[in-house]
Every structure is written in C-alpha cells, then in structure tokens.
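These notes concern the structure reproduced below.
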Ligand code: CP3
C-alpha cells in the first residue's frame, strides 16, 4: 500500500505528529507505529532475510536500511524503528551469543559470578560502525518520518545473560537480584552503561527518539523494582537527557510498575494491553505521554471487532496528555499486514481534527 504522505510524515521543518505527541503538544492526528512492525509478518522481510542469520542481518547496513524501510513503505506509520536487536551491543563487546529462530537470544557462557560480570566491557562507537552507518543512511531515506532508536533495559538484558536464554520465570536472575545484591548492582550498572552508549550512538547518527525495552521487568514487584532496577534505568535516561529526544520506556506485564517507570525518567510510558489507558494515566500521573495499547492478538478477530477496540483505545488515550498509538507488544508473526495497513488508516481518520 502506498504511503499517504499527508498523514504519515511531516514535511521539512514541520514537527511530526509522533514527536509532538511524545512532547505532549497538540497533534494533527494520533500518531501510530508498531513494535516489531518490521519482521516475519511481512513477506518482503522473509524474502530479504532468507538464508541470512538474524545477527548477520543486523550487522549489514544495506539490509538494516531495507528492513527498517519495509513497513514505512507499506503502512502510513508515523515513525520507523531501527532494525536491530537488544543483544547486538552485547555481541559487539565480545559476548558469545546467537539468536535462534523461534527461540530468541542464547548465550554460550551465562554470566553468574563476579569474574564474568567484570569481563563485560564498555561499548565504544567503533564496536558498532554498522549501526552508525545504517542510522545515518536511514535518516536520509526517511525524510520527515522520525527514526526511533532502541536498547534493551537492564533487567531484560541481565535475564538473558544470567539464564543463558529466554526464561518464563527468571529464576536465576531473581536469585542474583535477591541473594547477591552487590553483584547484581554491578552487573546492571555495566548493562546500563552499555545501553546508554548504544542509544547515544543511534541519536548522534540521527535517531529522533529512543525506546528502552525492559520487556521482562514485569516479573519484578514494585519495591524490588524501585531498589534493584530503577536506579540503573534512571542512569540510562539521564545519560540521554542532554540530547533532548523523547525517551520511551516499555515492558510487558508492568501494570504495577507504570508510575515507577515514568519516575525512572521516561517522557513516554509504554503500556501493554492489560491496563486500560485511562487507568494507566492515573497510575503514571501528570507530565508523561503514554504509548499503547491494542492487544496484538486482536488483529486475528473480524475487522468490526478490531475497529471497535481501536476506537476504545483512542477514546481512553484522549485522557492522556499525549498518546502514541501502538500495540500492547510486538506484531505477531502470523498477522495479516493488510489489517495493520487498515488499522493505521483508521487511527488517523478517527483522530484527525
Ligand atoms: O520492528 C521492530 O520492532 C524492530 C526490531 C526489533 C527486533 N528485536 C528484531 C527482531 C526490536 C525492537 C527487538 C527488541 C527485542 N529483542 C526485544 C524487546 C522487544 C520485545 O519484543 O519485547 C527482545 C525481548 C528481544 C530478544 C529477541 N530477539 C526475541 C525474543 C526474539 C524472537 C525470537 C523468535 O524467533 O521468535 C528475537 C529475534 C528477533 N529480533 C526477530 C526480529 C525481527 C526475529 C528474527 C527472525 O526474523 O528470525
């Protein structure tokens, strides 16, 4: 589907609806983008990636540009997200890891003691020249459509490193958090420095907003979040403050943490589908914009149901000081791209002044 330039992107010198909403300023329409808008739901993505392992694709600027642009060509989305992965900076500093299809990141030697933590070295721009190159090229190709840079949050990165792969319960991760608080703090401090460095590299190359994905931090209760995670996330957001780009913070199942995730220093708090946006407004408090939160699975329901639920999200989102429409988590791989195209248009039509 061709991009509707009247609604998707602003012209030169004109602020984009996405950046305006993040800054809690009046918008011409509610902006919309989707987590995992680039990926297996798109046939052109599957074709571009054929035979190329995920981490190899992330290190090839030509492929990163092509894959990042694919959803922007297809949908009238108001922002692009840099095609990369949260483990790319870890690989770049020498961690032996791979992304296994259908599984996720797998670490050869999980980090479980002080010696392993101390081997995590800082990330330098020279470790990820492909990221700088890709973001610079994208900034040119995208024109007025902003590029969102991203990094993995400290809990989520720690979980992959400690468990050695994906985990539903994060047993070993929490065992370190509860049982070895000093080692945990040292690990998260290093991960915060790595995430901040990766985000700075993207912003200096042209990214106009950043999102910190602490996807699995919803497994932690509020008091432990406050003492064991928040200080490290705050360090990342503070490191980005001088750049004056909107900072988005997202996690899954974080209903009880939304206020604290804002307190950590985000300008925009991402909400999954479990908490209605008008309730999230109360939990987050004033001075923040919200992002979310249609259940990604709703896209498998008939169109009338999708449209009703979308209008409901928009209505609740109007109670926020700023609202960026998104799904409550990433696009599921079997989603029909035509439904996403229609959804973007519906969000724009329903919210246009
Ligand atoms: O469009 C976008 O949103 C940008 C691309 C993006 C990817 N990973 C590409 C990717 C982003 C923002 C991420 C972040 C990421 N990676 C997160 C946080 C976001 C979230 O979903 O909560 C997490 C937890 C990871 C770790 C990771 N990497 C997982 C769980 C997986 C999926 C494994 C699988 O095959 O199901 C990956 C691999 C990955 N990262 C894919 C993509 C498009 C799939 C790789 C493929 O196409 O084979």
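Positions of Cβ are set from backbone N, Cα and C atoms, glycine also.
A quick note: this is a predicted structure, and the numbers were derived from the prediction, not measured.
Pulled from TrEMBL:
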type    : residues                              : note
DOMAIN  : 31-40                                 : domain 'Uroporphyrinogen decarboxylase (URO-D)'
BINDING : 36, 37, 38, 39, 40, 85, 160, 215, 329 : substrate binding site
SITE    : 85                                    : site 'Transition state stabilizer'
DOMAIN  : 148-164                               : domain 'Uroporphyrinogen decarboxylase (URO-D)'
**OP:** Could you give me the DSSP helix, strand and coil counts for the domain 'Uroporphyrinogen decarboxylase (URO-D)' (148-164)?
**Re:** 10 helix, 5 strand, 2 coil
**OP:** With an 8 Å cut-off on Cβ-Cβ distance and a minimum sequence separation of at least 6, pull the same-chain contacts of residue 36 (substrate binding site), or say none.
**Re:** 330, 331
Original post:
When you measure from the Cβ of residue 329 (substrate binding site), which residues in the chain that are at least 6 apart have a Cβ under 8 Å away?
Top reply: 35, 215, 252, 272, 273, 296
**OP:** Sorry to bug you, but what's the C-alpha spacing from residue 85 (site 'Transition state stabilizer') to residue 38 (substrate binding site), rounded to the closest Å?
**Re:** 12
Subject >> Surrounding CB atoms that lie within 10 Å of the CB of residue 38 (substrate binding site), all protein chains >> reply: 24
Subject >> Spatial separation of residue 85 (site 'Transition state stabilizer') from residue 40 (substrate binding site) - C-alpha basis, Å >> reply: 14
Original post:
What is the maximum Cα to Cα distance, in Å and rounded to a whole number, among the residues 36, 37, 38, 39, 40, 85, 160, 215, 329 annotated as binding substrate?
Top reply: 23
**OP:** Enumerate same-chain residues with a sequence separation of six or more from residue 85 (site 'Transition state stabilizer') and a Cβ-Cβ distance below 8 A; give 'none' if the list is empty.
**Re:** 54, 55, 58, 99, 105
Original post:
Which binding-site residues out of 36, 38, 160 lie by ligand 1, going by a Cβ under 6 Å?
Top reply: 36, 38
Subject >> Structural state of residue 40 (substrate binding site), classified by DSSP into three states >> reply: coil
Subject >> binding-site residues: 40, 160 - member with fewest neighbouring CB atoms within 10 Å >> reply: 40
**OP:** Looking only at the domain 'Uroporphyrinogen decarboxylase (URO-D)' (31-40), report the model's average pLDDT.
**Re:** 97
